[in-house]
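A.B. asks: What TrEMBL records for this protein is below:
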TRANSMEM  88-108  transmembrane segment
TRANSMEM  242-260  transmembrane segment
TRANSMEM  272-292  transmembrane segment
TRANSMEM  304-325  transmembrane segment
TRANSMEM  337-368  transmembrane segment
């Protein structure tokens, strides 16, 4: 791939060795002129992006449609043809979370009111109550022998209407623009002082986890932080911590693989390569699902949306099937044995990852200011 004009001087500017061709045989630097036309910056970028020394697009193709191919090739010692596993994971992780940052994933508005003075719009909970009431009325009208069903149906309707006060309380609870009520009890205590006094008298084995979380709640309550601010900060902190959490989880995933395979035949290093490739695929797949989901919110054509949802469903299933195919092709175990080990690993990692997500949420909550 030609980048720039070759220098007439055959001495490498980087290591001072003689250069017979375009690239130095000692350090590999291209013996090109140090100053190029301005457009060279753009052409160089395009060439690097589209060619990547023939590695990038070939790596993506094999990663997506040939489960286990990259890992097997790398472990065979053929390492120049594709992008190295660590570099691939870092690149894919950067692109994925960069796209998530550009296009926020969630917009939650539990109240349909856009402002406090707008009384013409029906709230989320009012819709639930109205829909449930209408359902009961319809069931009364549709009944043929009302003598047997009236009492139970009307009783249910009366219960729904009598519970309207509780529904309104629930509605206020989920109104995100409100602060935490100063009179609200948390674990039976209204203030941090009363809580600390009680916990000092009755210590628990889980106080090292529970107390910091409870203190954070009282801190947010005393500072007058709204529920919207809490939710927004929690989402932002979790989002920023997710790449770190995934990076921490990689060696744990490889450790589970190491446990279930021959220790003499497979080194922990080998499982690490499989893990990097699999998580690179998962991140890419999640990115594709995310972008397709964004398309469904933009495109208002029923037939196209159905196709997009089917594609999302396919990618979701493929992300699970991919693991079993890649595992079988890399470790060369018998079909039934590979499937059983795959199921066990899948379940272990599912619960381990859920635990990681919970820990991430707790840490993110503690980081809210």
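Yeah, the Cβs are placed from backbone N, Cα and C, and that goes for glycine too.
Whatever TrEMBL says is automated annotation, not expert-curated.
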A.B. asks: Are there 3 or more C-beta pairs under 8 Å linking the transmembrane segment (88-108) with the transmembrane segment (337-368), counting only pairs at least 6 apart in sequence?
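C.D. replies: Contact between the transmembrane segment (337-368) and the transmembrane segment (88-108): absent.
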A.B. asks: Grab the same-chain neighbours of the transmembrane segment (272-292) for me: Cβ-Cβ under 8 Å, and only residues 6 or more beyond its ends, written as numbers and ranges.
C.D. replies: 60, 63-64, 67-68, 70-71, 74-75, 85-86, 88-89, 92-93, 95-96, 99-100, 103, 105, 246, 250-251, 253-254, 257, 308, 311-312, 315-316, 318-319, 322-323, 326-327, 330
